[in-house]
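Taken straight from TrEMBL:
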TRANSMEM  6-26  transmembrane segment
TRANSMEM  42-59  transmembrane segment
TRANSMEM  71-92  transmembrane segment
TRANSMEM  104-129  transmembrane segment
TRANSMEM  149-167  transmembrane segment
Amino acid sequence: MPASWFQSFNAVFVVLLAPLFSTLWIKLGQKNRDPASPTKQAIGLFLLSLGYLLIALGVKNVAPGVKVSMLWLTGLYFIHTMGELTLSPIGLSMVNKLSPVRFASLLMGVWYLSMATANKFAGTLSSLYPEAGKTKMFLGFEISTLFDFFMIFVVMSAFASVVLFVLSKTLQKLMHGIR
């Protein structure tokens, strides 16, 4: 399978999973168990971390240049798409609900600008992957293998998830009843 085909996996998973997530939130809401938006986003970050952990385990102890099963990458896309479905639509909804009417369009643009900034940051982080036989450092963490490289993303997204879980109640109060 050509590597470029993997780019379509996210779109396919979004189409397949979006109705399931939509139904899940509706059913939980009917039972008064729908998590607040900050909690949903923390779950999304946790799923992001879990996806990176999966791919890190898939490449652990694999020599440079050796290919691993496509199931590892498919699993990564599947888990990341679940995370995306708890982050992106929820974030857009929060921006729409919490923005003053006259600033709603501007703040939607800020939402998308933040994603562009994150993509730029991801590109910058990709430069941390060292050449074979060399080592790079990132925040005191030594990167010498693909496993080490992916573990940076596991740790960063897990940390962000924990911080957001901890702040969820406070953020909920600041949202003045908007879920």
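Including glycine, each Cβ sits where the backbone N, Cα and C put it.
Curation plays no part in TrEMBL annotations; they are all automatic predictions.
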**OP:** Could you tell me whether the transmembrane segment (149-167) and the transmembrane segment (42-59) have 3+ CB pairs under 8 A, leaving out pairs under 6 positions apart?
**Re:** yes
Between the transmembrane segment (6-26) and the stretches 71-92, 104-129, 149-167, the largest tally of CB pairs under 8 Å belongs to 71-92
